[in-house]
Amino acid sequence: SGLVLVKNPHLDLMEEDILYHLDLGTKTHNLPAMFGDIKFVCVGGSPNRMRAFARFMQRELGLAGAGEDVADICAGSDRYAMYRAGPVLSVSHGMGIPSISIMLHELIKLLHHAKCRDVTIIRIGTSGGLGIEAGSVVITDTAVDSSFRPRFEQVVLGDVVVRSTELDKELAEELLACSREIPDFPTLVGHTMCTYDFYEGQGRLDGALCSFSSEKKLEYLRRAYDAGVRNIEMESTAFAALCGLCGLKGESCRFHLP
């Protein structure tokens, strides 16, 4: 039916579902009226970037008020920011798996309560590239962990739960085809490696701690490249797992900073 799924039987027993970190709720807000016609959700780490993206979409779609400021729907919370441009929702998710996981749980419930159908969700932003030209855009086919495995591991009540991290292949090919109309940005499809840390976890030598040599770093990055990894960030495995489980057509597009 194209509906966004939730896989939590406890939600049916709740009188009210409070989306605490988004400052929204099923009793305090008419979610179908506010969000029922949303077709695209774009998420990224920075609130300012997602605000700028919403304003960009206003102009691209020729919407009323284009060029003016956009209101933060989640202004009552200091955790995330959310903006709307017609059928496009633009949401910040912060940095790292814990932050994006909290946002996605509540965003998915929002889309479910709003009875949205056939929603496409795309992560946009920046990442570190691996063996690719600076300024390239990497479209993720599969998110992998720091051991190059296509899986998201989470400890739930003491048990290790493993979930798949494959993203929508059809959407990846569609985005790649669209990229050919924008020659300014070399675009490719590849694996994205998700780490739990920005410094040691990604092999950086400039953190407060560094327990490895530059030679070991380079050897590891070569192995990552040989495994198909083309960029590194900190959210993709959780993003892919949650989207796949809840019936969202999802993809990740990351710009490799020069």
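A Cβ is built for glycine as well, from the same backbone N, Cα and C atoms used for every other residue.
As the structure is a computational prediction, the values presented were derived from the model and not from experiment.
Annotation comment: TrEMBL describes Arg79, Arg123, Ile124, Gly125, Thr126 as phosphate binding site. Marked as substrate binding site by TrEMBL: Gln202, Arg204. As annotated by TrEMBL, domain 'Nucleoside phosphorylase' applies to 39-249.
Distance noted between the C-alpha atoms of Gln202 (substrate binding site) and Thr126 (phosphate binding site) is 14 Å. Rounded to a whole number, the C-alpha distance linking Ile124 (phosphate binding site) with Arg204 (substrate binding site) is 23 angstrom. Confidence annotation: the domain 'Nucleoside phosphorylase' (39-249) carries a mean pLDDT of 95 in the model.
Around the Cβ of Ile124 (phosphate binding site), the number of neighbouring Cβ atoms within 10 Å comes to 18. Neighbour counts of Cβ atoms within 10 Å were taken for the binding-site residues Arg79, Gly125; the minimum is at Arg79. Each residue contributes its Cα atom, and for Gly125 (phosphate binding site) and Arg204 (substrate binding site) these two points are 20 Å apart.
Other Cβ atoms within 10 Å of the Cβ of Gln202 (substrate binding site), summed over all protein chains shown, number 19. Within the same chain, residues at least six positions away from Thr126 (phosphate binding site) with a Cβ under 8 Å of its Cβ are Arg254, Phe255, His256, Leu257. The Cβ of Arg123 (phosphate binding site) lies under 8 Å from the Cβ of Cys42, Val43, Gly44, Glu235, Ser236, Phe239, Gly250, Glu251, Ser252, Cys253, Arg254, each on the same chain and at least six residues away in sequence.
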